[in-house]
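Q: Input: one structure, supplied below.
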Amino acid sequence: MGRLFGTDGVRGVANRELTAELALALGAAAARQLASGSAPGRRVAVIGRDPRASGEMLEAAVIAGLTSQGVDALRVGVLPTPAVAYLTGAYDADFGVMISASHNPMPDNGIKIFGPGGHKLDDGTEDRIEALVGDAGPRPVGAGIGRVIDAEDAADRYLRHLSKASTLRLDGLTVVVDCAHGAASSVAPRAYRAAGARVIAINADPNGLNINDNCGSTHLDSLRAAVVAHRADLGLAHDGDADRCLAVDADGNLVDGDHIMVVLALAMREAGELASDTLVTTVMSNLGLHLAMRSAGITVRTTGVGDRYVVEELRAGDYSLGGEQSGHIVMPALGSTGDGIVTGLRLMTRMAQTGSPLSDLASAMQTLPQVLINVTVADKATAATAPSVQTAVGQAAAELGDTGRILLRPSGTEPMIRVMVEAPEKDIAQRLATRVAEAVSAAR
């Protein structure tokens, strides 16, 4: 059996790989590891979920695991992942648990665990939790068993926190918000309206089965059409758990996480808020971001893929902005993890501050043509290190020289290898990416 924890918690098809039994065992193991050193008194874990149908089953199982170890479960209901992270700190809980598979299809689900203060766990802590899975250990009885408490004020507390993200009123801005029929369906429109924007919410009617179904940050067509139809200033797309945000301008053109980071980095540097004039991003960010930041005199620190690694670098260097091309944007002053709604508020604040349309702000970065091909494989390690694959990568890199780059990356959550190529021309990137992808496919 491989490692349970991937780059973003434990994921799998609900009731197949991610069973109620495993969820119970993970809840109990997390309780033993993360609440064992707590001060005297009741131990508490915050637990939330996105609206997918299997979340109810898994929430019940995790709560059973928590309470079996004497930990009280503070249930916050359907809220975004960053809300659970924030509330873990706000309620002074020992740790937090979010049940979500983010942008994945509805049949999938996942379990993310946050430590004290709402920070994602490091690899070592995850390994220690995993080692305890299946080891029930001592169990309390009687009054020592944990209780379940519903946090009635959770959404309102999170909304008050979100209000800090917008330093200017957004009156006059019209935004279309695609909530992906996910965890943001209630709170995102409320947050944007509270800041003054005129909000048109789409895909905001979750029924447990329609999350991420041709909508949200991975399917932007309906958002583009709605922005143009309503003559909105911009559109914002969240994923199922609202830890990411992508945007489209008034003409429906994509403004991805790289462009958003450039816009926010320039704004924060202008305000004296960009610590050490440094932006943290991952190896997936487009070369155009690096060129734009170099031109502006801003240093770029690069990490592995996954917002947890961005957060680790932000904390290590005491930096103030980081993120991913996929739309996970992290601002430590406003949260311990990526928050799509905070990102949307900050982006609109910059528009209100400058009076500029999003297209003008995003033009500070020119994207190099990029091709990304996902290749399904049986064994990620074997396929990635095969001599034939390494030869194909070397040949492509030699052809590109310093005019582009190639990246071969095993997915942290799915059985696939991602082949990414950037080049001066799209046809060059497509040709080289296809060649390498064919080598990976043949080696799988």
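Just so you know, glycine gets a Cβ as well, placed from its N, Cα and C.
Remember, it's a predicted structure, so these values are computed and weren't measured experimentally.
Here's the feature list from Swiss-Prot:
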| type | residues | note |
| --- | --- | --- |
| ACT_SITE | Ser102 | active site, phosphoserine intermediate |
| BINDING | Ser102, Asp239, Asp241, Asp243 | Mg(2+) binding site |
| MOD_RES | Ser102 | phosphoserine |
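Situate these features within the shown structure.
A: For Ser102 (active site, phosphoserine intermediate), the same-chain residues that are 6 or more apart in sequence and have a Cβ closer than 8 Å to its Cβ are Asp8, Thr81, Gly110, Asp239, Gly240, Asp241, Asp243, Arg244.
Taken residue by residue with DSSP, Asp239 (Mg(2+) binding site) is part of neither helix nor strand, so it is coil.
Ser102 (active site, phosphoserine intermediate) falls within neither a helix nor a strand when secondary structure is assigned with DSSP, and so counts as coil.
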Q: Other than Ser102, Asp239, Asp241, Asp243, which residues of the chain come within 8 Å of the Mg(2+) site, judged by Cβ distance to the Cβ centroid of those residues?
A: Asp50, Pro80, Thr81, Ser100, His103, Gly182, Ala183, His238, Gly240, Ala242, Arg244, Gly340
